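Student: Have a look at this one.
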Amino acid sequence: MHFLGGGITWLQPLRVSLSLGSGVGRVAAGSLAEPASRFGQLGKCRFSDAFLTCVSLSVRGLAPAALKLDLEQKLFGQHLATEVILKALTGFKNNKNPKKPLTLSLHGWAGTGKNFVSQIVAENLHPKGLKSNFVHLFVSTLHFPHEQKIKLYQEQLQKWIRGNVSACASSVFIFDEMDKLHPGIIDAIKPFLDYYEQVDGVSYCKAIFIFLSNAGGDLITKTALDFWRAGRKREDIQLKDLEPVLSVGVFNNKHSGLWRSGLIDRNLIDYFVPFLPLEYRHVKMCVRAEMRARGAAVDEDIVTRVAEEMTFFPKDEKIYSDKGCKTVQSRLDFH
């Protein structure tokens, strides 16, 4: 999606409510819409009502209890993500003078809840969630598909972020499919994530950047399996067991979007958040949540049948769902 102005093609992120099946309850399918905060012919942002709305949201702040409830009731099997997201957001929003933007990198296999968490975060920060004018979603395969256009993408990305943060300091930027992003593109925003009070007259310190990636899923699964085979509880896994491994693994992974990135080298990512592979019991939780979201009574026979239709790995133990809860909605349609 692009906006033509002054002979320049401006990159626009999606304004979309995602349809997800990822260790979560139901998320309604939505539609694409034009961002309200866009560039004019001279690359300047339009303020007025949008600016006043942003100011009122900043004054309102975050309700930690509501965020905690959303994470605990809607996200299944992700004790680490729940803990880290809650602490990171609460601490950041309570800080009246942050020294840099909050930057989170969410990692794990598809269907484990990364996209859904980004939606929960968006909804707790801005009433309209992903449809808000101040929440911006970039999808690597849609917005940055051509390797030969990396330089152009970098320039467009800088202009888009600069313009929108100028319009609303507490803007949220979500980058999906980071593992499909051409190396080098994301480093264009490194100055915005660093410890600078201002960059060219704009402060980015109250913005939030969230990266979503499948990269590192194998490392997370290995750790989870090691705990399982040692007879230890899944809930015993701590962030310190995974975060160092994730940061190094993603930095050295050519297909992570963060390969040899200055964002990692300069320690600009505040938290690497691991999403664990989901077990059979978590899949059943997803099915129950989806049934309730549809206004249907929970039928445990159907819950069991849907869960048993999923495929699990490793081949011998069959512990983890290979698609997480990603196909729960579509499978439930057949029952």
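We count from 1, first residue shown onward.
From the backbone N, Cα and C atoms, a Cβ is placed for every residue, glycine too.
Quick paste of what TrEMBL says about this protein:
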- Gly108, Trp109, Ala110, Gly111, Thr112, Gly113, Lys114, Asn115: ATP binding site (BINDING)
- 278-334: domain 'Torsin-1A C-terminal' (DOMAIN)
Student: I'd like to know which of these binding-site residues, Gly108, Gly111, Gly113, is least surrounded, judged by other CB atoms within 10 A.
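Tutor: Selected from the binding-site residues Gly108, Gly111, Gly113 on minimum Cβ neighbours within 10 Å: Gly111.
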Student: I'd like the Cβ neighbour count for Trp109 (ATP binding site), meaning other Cβ atoms within 10 Å of its Cβ, all protein chains included.
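Tutor: Trp109 (ATP binding site): 23 neighbouring Cβ atoms within 10 Å.
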Student: Taking the Cβ of Lys114 (ATP binding site) as the centre, how many other Cβ atoms fall within a 10 Å radius?
Tutor: 26
Student: Which of Thr112, Asn115 has the fewest nearby Cβ atoms, counting only those within 10 Å, among these binding-site residues?
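Tutor: Output over binding-site residues Thr112, Asn115: least Cβ neighbours within 10 Å is Asn115.
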